[in-house]
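Since the structure comes first, as C-alpha cells, the remarks are kept for the end.
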Amino acid sequence: MAIVSAEKFVQAARENGYAVGGFNTNNLEWTQAILRAAEAKQAPVLIQTSMGAAKYMGGYKVCQSLITNLVESMGITVPVAIHLDHGHYEDALECIEVGYTSIMFDGSHLPVEENLAKTAEVVKIAHAKGVSVEAEVGTIGGEEDGIIGKGELAPIEDAKAMVETGIDFLAAGIGNIHGPYPENWEGLALDHLEKLTAAVPGFPIVLHGGSGIPDDQIKEAIRLGVAKVNVNTESQIAFSNATREFARNYEANEAEYDGKKLFDPRKFLAPGMKAVQGAVEERIDVFGSANKA
C-alpha cells in the first residue's frame with residue numbers, strides 16, 4: 001500500500017480495540033528498521049520525525065523523500081503515514097507543504113484559547129490536502145528535543161473543545177512523560193483516561209511517552225480508548241545497548257566477519273538497527289496491531 005494519511009487506520013484501531021505505533025526515526029537506518037518491522041508484522045505504522053530529528057536529517061523535505069522512496073524501494077505493502085511529532089505552527093505548515101501525510105501541531109505551551117484557534121487553522125489547511133492532524137491538551141511531561149513539560153492531567157473541557165476543532169486524534173496528558181520513567185513514577189492516571197474517553201466517545205486518544213510504561217498499563221489504556229502509542233526512547237536504548245555490545249566485543253565480531261575490518265559503518269550500525277527492528281516488532285505485538293494492515 002502507498003503512503004497514506006493516518007486518520008483511517010488510527011480510527012480503525014480505536015473502533016477495534018488495538019493501537020497503532022508512532023515510531024520516531026533519526027536516520028536512514030532507523031527508517032529501514034521501522035519499515036522492516038511493520039512489514040514483518042503486517043502492521044500499519046506512523047514513521048515520525050521530531051523537529052530536532054528532521055533538522056539533523058537535512059530538513060522535512062529530505063525526510064519525506066527518504067521515507068517515501070524507501071517504502072517504494074523496499075516493496076512495503078502495509079499502510080505507512082509520514083508524521084510530524086510535536087511540531088510548532090510553522091513546522092506543521094511546512095510539513096503539509098512538502099508532503100507529510102500526518103502532522104501533530106503542539107500548541108500545548110500556548111494559552112488554551114490560542115492553542116484551539118491555531119489548531120483550527122492547521123486543521124483547515126491540512127484537511128484541504130488530505131493530511132491528518134493530531135493536537136495536544138495537557139502538557140506531556142519530560143523532555144524531548146528541548147520541549148520540556150512537567151506533566152499533568154488534561155482538563156476534560158479542554159479536550160472536548162480541542163476535538164471540536166476537527167482534529168483526527170488527540171494527545172492528552174494522563175500522567176505520561178517523555179524519556180525514561182523515574183522509579184517514583186506513579187503510573188498512568190487510568191481513571192482520568194476513562195473520564196476523558198467518556199467525554200469524547202469513540203475518539204482516538206494518543207499516548208505519548210510510550211517507552212517504559214508497563215505493558216499491562218498500556219493494554220488497559222488501549223482498552224479505554226488509546227489508539228496510537230508513541231515510541232522513541234525504547235528504540236534509542238535498544239540501539240545504544242546493541243552498538244555498545246558490538247564495540248565491546250570488537251575482536252570477536254571481527255573474527256565472525258572473516259577478519260574484515262569493522263570500520264565499515266554498515267557493519268558497525270547493523271546490530272543497532274537489528275535491535276531497533278526487534279524493539280518495534282515487540283511493541284507492535286503489545287499494541288495489538290500485528291496483522292491489521
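Glycine is treated like the rest: Cβ placed from N, Cα and C.
Take the CB of D85 (active site, proton donor) and look out to 10 A: across all protein chains shown you find 29 other CB atoms. Per Swiss-Prot, the feature active site, proton donor maps to D85; the stated evidence is similarity to another entry.
The D-glyceraldehyde 3-phosphate binding site annotation in Swiss-Prot covers S50. Cβ neighbours within 10 Å of S50 (D-glyceraldehyde 3-phosphate binding site), excluding its own Cβ and spanning all shown chains: 22.
The Zn(2+) 1 binding site annotation in Swiss-Prot covers H86, H178, H208.
According to Swiss-Prot, the feature Zn(2+) 2 binding site maps to D106, E136, an assignment based on similarity to another entry. Over all protein chains present, the Cβ of E136 (Zn(2+) 2 binding site) has 26 other Cβ atoms lying within 10 Å.
In the three-state DSSP scheme, T233 (dihydroxyacetone phosphate binding site) falls into the helix class. The number of other Cβ atoms within 10 Å of the Cβ belonging to T233 (dihydroxyacetone phosphate binding site), over all protein chains shown, comes to 20. Per Swiss-Prot, dihydroxyacetone phosphate binding site is recorded for G179, G209, G210, S211, N230, V231, N232, T233.
N230 (dihydroxyacetone phosphate binding site) sits 12 Å from S50 (D-glyceraldehyde 3-phosphate binding site), taking the CA atoms of both as reference points.
Other Cβ atoms within 10 Å of the Cβ of H208 (Zn(2+) 1 binding site) number 29 in total over all chains. Put simply, H208 (Zn(2+) 1 binding site) is 7 Å from V231 (dihydroxyacetone phosphate binding site) when counted between their Cα atoms.
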